[in-house]
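Okay, so here's the structure we're looking at.
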Amino acid sequence: MEVPLYQGFVLAVTIVREAVDEFRRFQRDKEVNSQLYSKLTVRGKVQVKSSDIQVGDLIIVEKNQRIPSDMVFLRTSEKAGSCFIRTDQLDGETDWKLKVAVSCTQRLPALGDLFSINAYVYAQKPQLDIHSFEGTFTREDSDPPVHESLSIENTLWASTIVASGTVIGVVIYTGKETRSVMNTSNPKNKVGLLDLELNQLTKALFLALVALSLVMVTLQGFVGPWYRNLFRFLLLFSYIIPISLRVNLDMGKAAYGWMIMRDENIPGTVVRTSTIPEELGRLVYLLTDKTGTLTQNEMIFKRLHLGTVSYGTDTMDEIQSHVMNSYSQMYSQASGNNASSTPPRKAQSSAPKVRKSVSSRVHEAVKAIALCHNVTPVYEARAGVTGETEYAEVDQDFSDENRTYQASSPDEVALVQWTESVGLTLVNRDLTSMQLRTPGGQILTYCVLQMFPFTSESKRMGVIVRDESTAEITFYMKGADVAMSTIVQYNDWLEEECGNMAREGLRTLVVAKRALTEEQYQDFESRYSQAKLSVHDRTLKVAAVVESLEREMELLCLTGVEDQLQADVRPTLEMLRNAGIKIWMLTGDKLETATCIAKSSHLVSRTQDIHTFRPVTSRGEAHLELNAFRRKHDCALVISGDSLEVCLRYYEHELAELACQCPAVVCCRCSPTQKARIVKLLQQRTGKRTCAIGDGGNDVSMIQAADCGIGIEGKEGKQASLAADFSITQFKHIGRLLMVHGRSSYKRSAALGQFVMHRGLIISTMQAVFSSVFYFASVPLYQGFLMVGYATIYTMFPVFSLVLDQDVKPEMAMLYPELYKDLTKGRSLSFKTFLVWVLISIYQGGILMYGALLLFESEFVHVVAISFTALILTELLMVALTVRTWHWLMVVAEFLSLGCYIASLAFLNEYFGIGRVSFGAFLDVAFITTVTFLWKVSAITVVSCLPLYVLKYLKRKLSPPSYSKLTS
């Protein structure tokens, strides 16, 4: 009877825990689904829940609101007809993206006119790729029907956030068809490796149970209804199967979770999946995101290099004085000979080059940085001004307090903020002009003639501007050193300085310029507009025209911007490496930046070579590249997401084998699904445990695919930390989470699991011995109540107190991460240790039973009393033997259990003594209080435990475990 009761309890505990987790998820989903949005209808605006939005609805989204579903962008409150959105939950990059409204609907005079036109949107079927979209917008009621092609810049994907203005869009995909949902994989139920191993052992125990029962029946000689006897034996020995293991482990896991959340050294840590704390102790691969996880995504301008002179953070004031001097000189010149009469300084370009003074070179460089970019200054209206935004812009007079810069890359913002700090401020920018303010307060206006945006192929961006005051036309350009070194005039310092800056972990940009005459520019413009109209190979032709300008440019300066690392990233990565964990960095960022951060965070140590995997597109190229990589030893690998796809398609096995030997791997330009694929590849190929850590919505599928997912609550929102199994507040906490909590959870659970098994085995051994002595009778040794008492009240607390055990102090575990390496081999719980415990159980069970039978008195009943008391004492002593470090609660548990047992000896007699022969006889108070009883029990207990103590002592002396070497 007691077994079903117990199983009911086991299941109840597990079910309740799962239900609580599930309910919390339900509440989070409900919160998101019941957000209200304004829907535009013929009768005006209506509020709808985000779960009720359907395809074809016109939805209005305010500034800083989440976009509820994938939409085509129809119109905006901004005059330019465009808006910025933040996509950090989609692709993990914190820069803002510019989106453009469909011009046909943006031109309509008022909002309500959307219902007076007859138009439709055609959209392609739902796809995975977040960076592409094809569709058309057709208005049928105008005289020639208007067709507009829709591309990625006309879309607003779900989960992004509007950063400027109010937008109106028509919904094209909802629910499971949105890009953000299609890019997240379904979470699997995570089961820890330890649980799987214990399941294997339990299966082995079940086989042992069947075998033992068969042996008993065979020894009986298959007499009479032997199959009935077989089942009776199966029930008698059923204690071999550790049913209480699940409950003990589940309670243990809850205790570890509680300890992790209570740890003052890692505040704010949340355990969301309570089933896998032991996984933290078995990790071999750590896959981490870059932006926001290793870095803070805050750019700071650090270095300006002019070839002969280099300025760092401490010498920025010199630049400031140079800039002020140049502008005050120019101002005095201009006022001296009347601005109108100064001829445009064209003569210089033909004259032989004179070495310019440092001051003018600094000034040129700063001006170039202030003009060559894609940054827009935005003014937040002051609190006093409401509703009158038109006037607000005039009154503002570009006051510095409310200005913020917006751009698609944080590097550019850092550069413009720096020029502001040295005196040249960008105050206004629209599609055709830019205005700079000099240190003296003048406003300089530049007309933007052409913009060449940055692309990942060209790795550079350019702008052609005309100075309104002098009518000079200048082509400015900035880009990566790889792209720019061939474009600028010959020089001997660029390559070397770029290398120096990259080693310091700075992102470098080369800035250059070229003065153009009016004729040169007109010629360029005519060819450029012709190229832009061509139908075939448009991009190639446009690129060729632009390249005709990119010749012999004058090198102005080299800038270095630092992406600051999170606190203590270097020591943490160092510690993880020493612990034998291989770290892979998976990022959506550019190759150069990723390599840069890998160096500065010491993911790749200084002495290591880095092998950059060339972009490959076909099977043959992949084969050649892999062979080139195979020849290198002990070097880090840097590979882009696309090349990785190609290699995985043709040479999955070879790539996995080579990459797993690398000390560090960096994958750049990874999409969310690629990140998850890499995790799965590692799991299948190596069979080792993987852990993924990230902080943005783009890391969710990687976190869910890994054996153990850790989310960081960061700037990119909470999506990753909600989807993860563990959520931390800073990257550096991962060190303590793994080294201390992961390690001790695994070791404790291993000890706990094996102890619970030992507890069942020992009593089954006693039953077997008892049955064999009494002619293989299928008679129970102990009555039901004693058995339940044995599994619960008498031994549960001490056994469970193993959860508090620790072999080394947390400080030691952090100081010597090498201790962690031992765990990955899984030696704390293996068939070897399991067999040792089985042997211990058989030895102890045999001794207890034989001892009791040898020493028993006239009545058979005394055997039960002696053996059961000795059994309880043995169990309590075994706990004491297993413990490595005592905790006061353990001592309390030991004495509490002993007290319970002694008390029950006295009380059970009163309650169960009358009319129940077995109990009455068992608890023969007269016999229990005699000296003989006491010495017999003590003798048996000593024989069963002493040899083990001796063995343990010898083992520690002869082959001490690694941790004891530290504690001595």
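Just so you know, glycine gets a Cβ as well, placed from its N, Cα and C.
Listed in TrEMBL:
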DOMAIN    45-179  domain 'P-type ATPase A'
TRANSMEM  156-175  transmembrane segment
TRANSMEM  204-224  transmembrane segment
TRANSMEM  230-249  transmembrane segment
REGION    332-357  region 'Disordered'
COMPBIAS  332-351  compositional bias 'Polar residues'
DOMAIN    722-960  domain 'P-type ATPase C-terminal'
TRANSMEM  756-778  transmembrane segment
TRANSMEM  784-804  transmembrane segment
TRANSMEM  834-854  transmembrane segment
TRANSMEM  860-881  transmembrane segment
TRANSMEM  888-907  transmembrane segment
TRANSMEM  927-951  transmembrane segment
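Contact between the transmembrane segment (784-804) and the transmembrane segment (756-778) holds: at least three of their C-beta pairs are under 8 Å, each pair 6 or more apart in sequence. The transmembrane segment (204-224) is not in contact with the transmembrane segment (156-175), judged by fewer than 3 CB-CB distances under 8 Å for residue pairs 6 or more apart in sequence. In this chain, the transmembrane segment (860-881) lies in contact with the transmembrane segment (756-778); the count of Cβ pairs under 8 Å, excluding pairs fewer than 6 apart in sequence, is at least 3. The average per-residue pLDDT of the prediction over the domain 'P-type ATPase A' (45-179) is 87, rounded to a whole number. Taking Cβ pairs closer than 8 Å, the transmembrane segment (834-854) reaches residues 201, 204, 754-755, 757-758, 761-766, 768-770, 773, 863, 866-867, 870-871, 874, 878, 936, 939-940, 943-945, 947-948 in its own chain, all 6 or more past its ends. For the transmembrane segment (860-881), the list of distant contacts is 755, 758-759, 762-763, 766, 781-782, 786, 790, 794-795, 798-799, 801-802, 844, 848-849, 851-853, 890, 894, 897-898, 901, 921-924, 927-928, 933, 936-937, 940-941, 944-945, 948-949, 952: same-chain residues at least six beyond its ends, Cβ to Cβ under 8 Å. Counting same-chain residues at least six beyond the ends of the transmembrane segment (156-175), those with a Cβ under 8 angstroms from any Cβ of the stretch are 40, 53-78, 83-87, 89-90, 96-97, 99, 101, 111, 114, 121, 123, 126, 130, 135, 181, 378, 406, 697, 719.
Remote same-chain residues near the transmembrane segment (927-951) are listed as 840, 843-844, 847-848, 851-852, 855, 857, 862, 865-867, 869-870, 873-874, 877-878, 881, 905 (criterion: CB distance under 8 Å, separation of at least six residues from the stretch ends).
Sorting each residue of the domain 'P-type ATPase A' (45-179) by its DSSP state yields 23 helix, 53 strand, 59 coil.
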